[in-house]
């Protein structure tokens, strides 16, 4: 159906065009941001007279310009609303923040400048849901966890505590004193610093706060007090204004000279140019590390120009160094500008607010606050200082420069990172380990232009001395252990003895001065003295105090400076043996049996070597056996008379006689010792034997030994107390007591004087040794224990002991080395090995010669006989005289046929009977016929010359 066309009707395409224009206009009106960026109001509160405030005032406008120059198409634009807070006044800052929130409806606030201000403003921002971004509040007292809308675009002061501790550890200082501003900024770092120092075994003996508004006289008084104390290592943590006065006055008082150490925290080190150059010469400092990039270098040049333009009256030197505050402010602005781009809806609405009201209860809450907060916290980018990101609402800052100030400039001497500790270079190699070594820091020029590292302490001129309790009076016999005397004329007390020397030697090893004075405490039991130390009556006790479990409940003990154990002294008795068989004692059974075996073995060897060529070793078997044994055992007294004709035998006898000489000498010496030397043994070998005896026991009066004896089973009426070594000896000699049970050092003193008739028997019970006593938790316990280890591991403790106790006496104790002991075969196995090897060697030589000379005869015997018959025939052959020997050639007639020398009667006319004298023996193969049976051998032996005849 077609619509009729009237005279005023419009074409269809014209109507459509008009509708399109109207729609576009409506869309344009409903989305104004499409034509112009939304304004993000940001308040800025700063102190125009403080260095951080001046730096931020120059930096923030530059950051805004740089951001929007780099991002011209930004959807939102930050508008800075500046408010000042002269003197960093909390009330002024709070008033400015309230006005910005209630009236200006800001979306966020930069500042204020100090931690006390930030703490108050952060609470306001949290209530109004307005993010508070701090660029100079570094105190841990205000945090994102406490105030969720507080964001720290700066470092937390706690991150530098471990860096300071590592520096202290590297130089070996054990005590440091912080000087800090008496407000929230200064005091909040101290607990973290204490913990960090404790981790490196350093202490903070005292701390010094200085009010922000203190005048010069007040500061002089404080510094004079510090100057009179012993510690010379100071950590300065305060704002520039107060630090300028303190450091200048310290210099005037001579505290910037040799021997002093000053360490500046990050807040001051980053503003070195704002401090008087002459007041910081030689100090150490640490500040946040930033990589020097081209962008940062160019920005520094522009920033210096802008700062001098903004503050033409300021010293140009302060603009030559780009402070951390400038980097933090610049990156914080970029973070806020980036975050505003990611907020979906920007408006100035505050829920439940009263327009124009400055009442805290009527501030209301920003409707965009939550989105703005999350956008800021999630912002990450490459900033001037490197990677910018928030961790738990604050910047992640962990790397520090370590600088030494020379000529007003900070010279980098090292770096610190939580993972690797100290290092000379950064970045650190990935395989490096954590270090607090002095070698990982460069050379330092100290105050006073000294290159010698200060030890960090001096003897104090004032201050309370440590009150050291010394028990007394000491009995005469034990004064070498501990003694204390008071001069009646001067009323001066002098302490001497082994214990005193050990304590003073340990004090000298401490890395700081320890002023003390001895106070004599008369007639007090050691258990009571420990309790007096625990309740603070005295600061310490130096004595021969044994460390026990019960005593450790009331006080702390150092490591023992002298080891100790329970022992007992008993009389000795001589147990010289009157046994009829005492002559057997010098040698143990194994040596007796071994010696007998080698006597028999040597006799057998001599028979083997001599019986074929020596008539004295021939004859019937019984005669040969008797001769062999007689010869062997007669060598014991060197009375053998048999003639030895073989050189091999002579060699064997020479070695054997030497062995016999050693055995005889050792036996004689041991037997003489057994018969003449006293064998001193204790009357009681152990505590249980003493317990069963029913006799009385002595112990040192007021000693814990009594409790030990009662626990062992001794009844109290058997325990008698004594006070001195002389009383010990008197009671032992008149048999009042059978033994004295005490700690080894006391008994050693007794034995040094009465050595001849007594000996010490060690008991299995150990004690903790002697230690020095201090109150529970005293830091001196660790330091003195380390010093005691230094002494006892070296020669110093030995020298002190020799000074007071002398050289150890040769008092024969139980099982004295003077007592004789039986000898065993282990001591002579080398001699037996030599003589045995020699004998076997000579036998082998003689057997080889026999086999060589009679090889043809032996071959004929073994070729037709069984092994058993062959062996018997060879043995008979070996038992015969060797007529070829020079001992027989002199007495036998020279004949080509000598048949009387053989048991086998061969006929000279047979082919096998021709004697071959050149063969070296009467049984050559040419003259010996095979023997087939035993009867024939016996029948042929009728012509044998008797072995025991005239030969």
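Glycine residues also receive a Cβ, built from the backbone N, Cα and C atoms like all the rest.
Automatic prediction, not curation, is the source of TrEMBL annotations.
Feature annotation from TrEMBL assigns compositional bias 'Polar residues' to 890-917 (among others).
Summarising the annotation, TrEMBL assigns compositional bias 'Polar residues' to 940-951 (among others).
Marked as disulfide bond by TrEMBL: 755-811. Residue 755 (disulfide bond) counts 14 other C-beta atoms within 10 Å of its own C-beta, drawing on all protein chains shown.
Annotation comment: TrEMBL describes 465-808 as domain 'Solute-binding protein family 3/N-terminal'.
The region 'Disordered' feature in TrEMBL is assigned to 885-951.
Residues or ranges marked as transmembrane segment in TrEMBL: 591-609 (among others).
Per TrEMBL, the feature transmembrane segment maps to 648-667 (among others). Within the chain carrying the transmembrane segment (648-667), a Cβ under 8 angstroms from the stretch's Cβ atoms is held by residues 586-587, 595, 598, 602, 605-606, 609-610, 635-636, 638, 823, 827-828, 831-832, 834-835, 838-839, 842, 845-846, all 6 or more beyond its ends.
Per TrEMBL, transmembrane segment is recorded for 828-851 (among others).
Distant neighbours of the transmembrane segment (591-609): 584, 617, 624, 627-629, 631-633, 635-636, 644, 646, 648-649, 652-653, 656, 659, 663, 823-825, 828, 832, 835-836, 839-840, 842-843, 846; these residues of the same chain sit at least 6 beyond its ends, with a Cβ under 8 Å from one of its Cβ atoms.
For the transmembrane segment (828-851), same-chain residues at least 6 beyond its ends with a Cβ under 8 Å from one of its own Cβ atoms are 591, 594, 598, 601-602, 605, 608-609, 612, 646, 648-649, 651-652, 655-656, 658-659, 662-663, 666, 858, 878.
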